[in-house]
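Written below as structure tokens is the structure these notes are about.
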Amino acid sequence: MSQLEEILAYNEQFVKDESYRPYEAPNRPIKKMTIVSCMDCRLIELLPKALNLKNGDAIMLKSAGGMVESPYSNTMKSILVSLYELESEAVYIIGHTDCGMHGLTADKMINDIKNRGLDDQKFAEVTVDLKQWLTGFQSVENEVKKSVSIVKNHPLLPEHTPVIGLVMDPKTGELKQV
Ligand SMILES: [Zn+2]
């Protein structure tokens, strides 16, 4: 059975058994909070559990590193939508130690792309500065601070919105304020 077939078979049973019942929630975040965090697979369940969050409690935005890269990135747009359209009132930026974006250089990633056999010509079709776009960070604390600053200084951020920076241990779930 392929992975998709397995998922669909499981899904059919899930719905039939009404296993969704414990997850029913309103479509506005009950705890009025927006979380930006890393896509790291260890955080799927750990992060909400470690923050005492249940389905429906918060808006969760995920990306590589949990970075808010620029004031006009998709992540920043999502933050603004959560605050203006989805009744969220606070923003938490949560980085984590042992992150895949820590120390990632554009050169390494460009090399990895080339090693997959991608044609050099394909790079000519790229319209951004890859050296900048594909670069990770050297310090998670500094990266969280940078993201907090981008959100705090956004001209469209509602006045008095708390913007909080945290770093999580991906093994224990321990949070440290930045
Ligand atoms: Zn990460």
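From the backbone N, Cα and C atoms, a Cβ is placed for every residue, glycine too.
TrEMBL annotations: computationally assigned, not manually curated.
Here TrEMBL flags Cys38, Asp40, His96, Cys99 as Zn(2+) binding site.
Structural mapping of features recorded in TrEMBL.
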residue : record              : CB count, 10 Å
Cys38   : Zn(2+) binding site : 23
Asp40   : Zn(2+) binding site : 20
His96   : Zn(2+) binding site : 27
Cys99   : Zn(2+) binding site : 23
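Within 8 Å of the centroid defined by the CB atoms of Cys38, Asp40, His96, Cys99, the record's Zn(2+) site, lie the Cβ atoms of Ser37, Met39, Arg42, Leu43, Gly65, Gly66, Gly95, Thr97, Asp98, Gly100, Met101, Val140, Met168, Pro170, excluding the listed residues themselves.
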